[in-house]
């Protein structure tokens, strides 16, 4: 018998479609368990303890949602269970996966986030498949940490490290891990050998409070971005997204308003650090990237954008200056992808 804490939070997996509108439903969580009992012959071997702290479509969440979710899970003493399953929407799945991965980095139990690309009663929905994969992971595997089982259409179910899950691909409901490298695969009831070796957690734990800063700005680059439009009042730090090659506009050719360099200088004068992500650390870098770093921006090497953002929120919500740096630099949940070269996190 496996004892599983099942946390319902809404999302498409917790929704129903009616008259062309998809909305959260109080009945959907029970529908998931009903379908599970029908499709899973050994359902009697799983004892679920269910809680529902929030019922929300995931596009509507804020960091306060993570704080509520974490406090609710902690109140249930997750170490008492064989594993934890959290149902969640797909829109912000990568952000919540990062938040739980980082916060619960010292938890010695598996925690899995389960989503669905369509409401459960849709014949092509993958939610039940993803849920069964989560249950099987708790039954079969001994790894601890946060994972996300997800089956893209026409593919086998992939098990993603929560700290490396990327947001859904544009104009689809498909998910991949950063660099398209998942943790393992679930096929015909069997898990493949892991593609990544998890490090021992000894000595990596940070004493964290579920406090996520509300004063971090995230800026995404695009051609013609005008930095004079940003008001920095009430901002503690800026995270600036980068193009895939680890770059952003550092040229003054089209005027200072469209160059990141003067914006970094403006932030520096106001005592606001500017962080950059994502970018893989290497011996070679583009000229524009070096100019940004020389101007004073700090690169968050080898992190996905989603994980970098959430890690900054946790860092600024929990630590002072020295502690912020230590927390950001430490790989605590397998979030630093460069180590994948040696198949180790």
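Heads up, the Cβ atoms here are built off N, Cα and C, so glycines get one too.
Unlike curated records, TrEMBL annotations are generated automatically.
What TrEMBL records for the substrate site is 90, 91, and among 44, 58 the residue it adds there is 58.
Cβ atoms within 8 Å of the centroid of the Cβ atoms of 58, 90, 91 (the substrate site) belong to the same-chain residues 11, 12, 57, 59, 88, 89, 92, 93, 115, 168, site residues excluded. A separation of roughly 7 Å, to the nearest angstrom, links the Cα atoms of residue 58 (substrate binding site) and residue 90 (active site). For the recorded positions 12, 58, 90, the greatest number of Cβ atoms within 10 Å around a candidate Cβ is found at 12.
Residues near residue 91 (substrate binding site) in space but far in sequence (CB under 8 A, at least 6 apart, same chain), listed by position: 57, 58, 59, 168.
Each residue contributes its Cα atom, and for residue 12 (active site) and residue 90 (active site) these two points are 7 Å apart. Under the DSSP three-state reduction, residue 91 (substrate binding site) is assigned to coil, being neither helix nor strand.
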